[in-house]
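A.B. asks: Shown below is the structure under consideration.
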Amino acid sequence: MQSAIKSVEYDRPLAAGAACGVGEAWAKVPDALVPDERDALKARIKALLVREKAVLVAHYYVDADLQALADETGGCVADSLEMARFGRDHDAHTLVVAGVRFMGETAKILSPGKRVLMPDLDATCSLDLGCPIDEFSQFCDAHPERTVVVYANTSAAVKARADWMVTSSIGLEIVADLHARGEKIIWAPDRHLGGYIQKKTGADMLMWQGSCLVHDEFKGIELDLLRHEYPDAKILVHPESPEGVVALADVVGSTTQLIDAAVKLDAQRFIVATDLGILHKMRLAAPGKTFIEAPTAGNSATCKSCAHCPWMAMNALSNLADVLERGHNEIFVEAAIAQRARMPIDRMLDFAARHKQRVQASGDLQRDQALFANVGAA
């Protein structure tokens, strides 16, 4: 594997008008609500969704109240791939995206005629922050012979510079296909996900050195100790996690794939190495099973995130209601950038649709998704 001689930081100084950094994000997380306030806000939001001909599209990592509200109102709670498809195909006039900014941008790119709102436009992503378009363009220009594959967790401008966009649920399959065709790849921005895919496919990948603030904090040593404490538990790991964590996994997969594994595996106890927001959906999908948060640090240490994204935490019932009431926090993407960015997104969606048809025809969806057999071995 080749790797870029480059170091990037997710909490770098931000340009004027850029989304907020880690500390400011935590400061902007809305206060918790008492039950009466929560119920009143949910009722208000339901009425506003109808009034505005809007649908709520939420990620698995946002607050459980938002996920429940999306389910109750005919919206969507999903990973970034399904969020993109759902928003594109839904007939709502307005898409309200509860997640981080790149998700809102992707929704706008795929649905240019729809209004796209977000509870807080400052909600960003460490991977997005760590891959600024000017530096990334220079990096790509230095290697013009390579196919540029970017993760969904990037800005619209970075996507516009790419040949392919991928999510964690389809990235391995797309890179394997490109490798089979003899293509050399630039991968950005997550080095852990890229390294996992490279080891699985053998592809020639030149890596951008970004990482997720949440997943980068999981500790292999501490996870191994927890595994011995709960020897009957299966370990579920998102591939944005460090190699030492992935090596201990029983299942490595996207958020949707990890939820599927929690439902379908016979185990009654799971250790989960991804953002703790996913536990809401896991508990609903697999009632009676026990889910334990994977450790982000030792008992005497501190962590940056404690397994929760500060920018995801900025999404709340209070600012969702405010956005619907006032019609602000609308996402806009420059037309030329949106047009270029749509190509790699559509390529991914088309590939995913064809891949799903092939797998369904073979009758072997579980094995093809690598959910259950030796997936932790890299």
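Along the chain as shown, residues are numbered 1 onward.
A Cβ is built for glycine as well, from the same backbone N, Cα and C atoms used for every other residue.
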A.B. asks: Among C20, C76, C125, find me the residue Swiss-Prot lists at the same [4Fe-4S] cluster site as C212, C309.
C.D. replies: C125
A.B. asks: Going by the iminosuccinate site in Swiss-Prot, where S80, Y151, A152, N153, S168, H238, P239, E240, T255 are listed, which of the candidates H59, H93, H179, H228 is also part of it?
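C.D. replies: Given S80, Y151, A152, N153, S168, H238, P239, E240, T255 bind iminosuccinate in Swiss-Prot, the matching entry from H59, H93, H179, H228 is H59.
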A.B. asks: Measuring Cα to Cα, how many Å separate C125 ([4Fe-4S] cluster binding site) from H59 (iminosuccinate binding site)?
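C.D. replies: If we compare the Cα positions of C125 ([4Fe-4S] cluster binding site) and H59 (iminosuccinate binding site), the gap is 13 Å.
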A.B. asks: For the [4Fe-4S] cluster site (C125, C212, C309), what does the 8 A shell look like? I mean other same-chain residues with CB within 8 A of the CB centroid.
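C.D. replies: In sequence order, the nearby non-listed residues are V100, S126, L127, N153, L213, V214, H215, D275, W311, M312.
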A.B. asks: Would you mind checking how many other C-beta atoms are within 10 angstroms of the C-beta on Y151 (iminosuccinate binding site)?
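C.D. replies: I count 29 other Cβ atoms within 10 Å of it.
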